[in-house]
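Q: According to TrEMBL, the feature transmembrane segment maps to B:28-48, B:55-76, B:82-102, B:111-132, B:138-159, B:171-191, B:222-245, B:257-283.
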Amino acid sequence: MLEQQLVNGFTLGLIYALIAVGYTMVYGVIELINFAHGEIYMLGAFLTLSFISMGLPLPLAVLLAMLAAAAIGVLLDIIAYRPLREAPRLAALITAIGMSIFLQNLAMIIWGSRPLPFPKQALPAFFSEPALTFSDVTISWMQVIIYAVALLLMVGLNLIITRTRVGTAMRALAQNQTAAALMGINVNRVISFTFALGSAMGAMAGIMVSMYYNTMYPTMGYLAGVKAFAAAVLGGIGSVPGAMLGGVVLGIAETLGAGYVSSPYRDGVAYAVMILVIIFRPSGLLGRAVTEKA
Amino acid sequence: MRGAAHTLKYLLLAAALAYPLLPFRDVYVLHVLVLIMVYMVLAMGLNILPGFCGLLDLGFVGFYGIGAYTAGLLTIHYNMSFWLIVPLAVLNGALFGVLLGAPTLRLVGDYFAIVTFGFSELVVLFLTNEIWLTRGPLGIPGIAPISLDVTWLATLLGVDERWRYAFRGEVPYYYLAMVMVALVFLVMTRVEDSRLGRAWLAIREDPMAAASCGVNLFAYKVIAFAVSTGIGALAGAFLARWTLFISPDMFKFWESFLVLCMVVLGGLGNIRGALVGSAILIALGEVLRVALPKLGLPAETRFLAYGLIMVVIMRFRPHGLFTQVAESTMQSGLIKDLRARIAARRTA
Amino acid sequence: MDAILTVDGVSKRFGGLMALSDVSFAVERGAITGLIGPNGAGKTTMFNCVAGIYTPTDGRILFADGVGEPLNVAGRKPERMTALGVARTFQNIRLFSALTVLDNVRIARHCRTSANFFGSVLRTPSQRAEERAIIDAAMENLDFVGLGETALSPAASLSYGDQRRLEIARALATDPRLILLDEPAAGMNPRETEALVDLIHAILGRGVTVVLIEHDMKLVMRICKRLVVLDHGIKIADGSPQEVRANPDVIEAYLGKGAAHA
Ligand SMILES: Nc1ncnc2c1ncn2[C@@H]1O[C@H](COP(=O)(O)OP(=O)(O)OP(=O)(O)O)[C@@H](O)[C@H]1O
Ligand SMILES: [Mg+2]
């Protein structure tokens, strides 16, 4: 029982982690809680659905959906956030929430407000079969795929951040925007790249969730987004490895909390984590402490 | 110009006072006007945090909900009078405000915003799941309307009767809401033009300089949070005894966003702006609700338009409509005297 | 020497950086003391430690208000330091820029007044009297620095030099015994600087002790009775302007290695 819940919690946690890196990277470079990130996750699922219904094969549909989500993320920044870089922070935050509401309702208009199943025929039949079984723990193929894809994406992301020029630029930007600009970094390009990367990963999370639970609905991004954000806070907002760790910890905590403490309060775990982490350890598990300069 | 603005203000006030008595009054319009006034109270309450103190609160609605449920439960279980409930609800809201604020108000930046957001979502979760207390998602129906017991007046006049006025329909609520808005407005303008209000504005403008002027940042933020959450709870108490039904759905994040938009649209820190922002956004919501289906658009387009409109407003007016802070200060008698003194000195 | 402030072995560490290491000096009551040193020497950090913005990593800061015993105030909150009688200005001007000149100074009366929420809402007679007294005190300080006539203009509309003077008025309005001025002449033209010198002497005339950080050596040599020199967080000299000017370590710190012997 416990083992099975750990497995399920780990699966969920990887999904949170994939979304959380998007929050944390964007927060790192422009200090904005990108509320619309949850909607990008939702759009990933729906775009895949639409591409499949156009007759595209699953891998191509997924790839296209990720690319489209990346493009939407970049556009979101260029159209909505970029004009407000010098404006009061609240204006940007309200814009982010406004875009989240806009995208969510746009999805309702396009795809309807009722939950839709993931097109079964597009998935290979073995997905829902158990891949591994130890005594009373089963890991389905779908879970194995989630592990594999999530780990692959995260390793890839880490390589991009630590080994490439644009990754270095991202980190420089997170440290100090003006200094980075002075060093000749094209700030807007790097920010766009950050949005693209975060959005693609968030979309992939949405796609895998809709396969895993076999459902998608326009409001699915809200709760998932909030929880992933809690994961980013738990890991230390601004820290990419922190977001990954935070996601996994939160996924497991939530599943165990629901199983052993109180299942109606399942969603409360994320909120409680948010509040407690901020009160007792605002820098999160892996974040830097914030100091004020005189 | 100033005189004309003043005349217009009094004309508007007179029209607002007279409207419910006119033959062509409309129940729907009255209802919307009361709703606007509820949001005016909320917006004035929220304004204290981002507007006066520079603290971002994303969970204001949690305290609105606490006020509403305090009022609803006390009415249902103890049949308590509204006039007794109001101070209790306000105190309860302020109490939760202090309990949440005390451990978190030392934090800087967005951390406080995140905590308030998490808290208000927890409130909704609590209201939804603690069915023994709140009936959960079903909500609390059948809350008694407000009644005014003026038997004391009868006794005073030597009449041996029970004089009791029960609120029915929108009209009495309309006038009560006006009184509530006027009182909160009075409190807020007086506070704005006082040692307390100045300390808050100093915190918003520059916390370090404020501390160097002798302001205890933490204490004044806690006071701000308590006053703000108390006012939120006041609006909630009114709501419960006006709509006579409350449910957890009424206190979701969307509401916090709406109130925040009102404050930002009006102009952060401007009390008058909070009033105007509430009127505009509630009226806009109603217009969209009525107009869009007539254009053959699905109901969802209302929120879509709403989101988009906020984005556009922020794009072109990120500082809101009225950017002046401490307006009431400039209108106080002491400052008018001072202005005259300075002018006299200049000419001398 | 009657010291109003005694800094005793104060160190301040930021991560791996020792912004101050084991600095000791005393500030004479009723005189002007200059705190000088090259950029990044730790001067502002020292002010922040005295004013309560930072808690020193080590050491004591003794403040003698002239009445009771000296108190170790290291680590006290800024608002408590202000209440004790230590006021300061900021190197990079920190005014409440959305407010009027008057309100900037009125806020500084905070720690000398007491009206609370209820008093403000009910406008009790004592609250109203207090408000009147606050305006009088604020105007008195504004007139003192020569900004009385601008009282009702937005603080942000003042010229740079006037903004610096407004910061001084704000600091003075807290009724300090000791005022810390962080580069008050920065960005001022020669005429404004002259006026500033007069102002500083007038502050002294009010019985307020002055400590001043300043890069303009001519100014410092002219008005300070004693100087304390910091370099890389270490106190390298301390004494009268003449003594300090002749000190080879100081010359080296300012002009680079070898300069003293050239
Ligand atoms: N809050 C802080 N966190 C980290 N380092 C700091 C902080 N404040 C100051 N420092 C560092 O401490 C050193 C001393 O800084 P300080 O501002 O005290 O210098 P200063 O003598 O006032 O210089 P200047 O003449 O340029 O104003 C510098 O290296 C500075 O970068
Ligand atoms: Mg300095």
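Heads up, the Cβ atoms here are built off N, Cα and C, so glycines get one too.
TrEMBL annotations: computationally assigned, not manually curated.
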Q: Short question: most Cβ pairs under 8 Å with the transmembrane segment (B:138-159), which of B:82-102, B:171-191, B:222-245, B:257-283?
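A: Per the Cβ under 8 Å count, B:222-245.
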Q: Under 8 Å, at least three CB pairs between the transmembrane segment (B:222-245) and the transmembrane segment (B:111-132) (pairs 6 or more apart)?
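A: They are not in contact.
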Q: Residue list, the transmembrane segment (B:82-102) vs rest of chain: Cβ under 8 Å, 6 or more residues beyond ends.
A: 62-63, 66-67, 70-71, 74-75, 115-116, 119, 146-147, 221-222, 225-234, 236-237, 241
Q: With pairs 6 or more apart in sequence, are the transmembrane segment (B:55-76) and the transmembrane segment (B:257-283) linked by at least 3 Cβ pairs under 8 Å?
A: yes
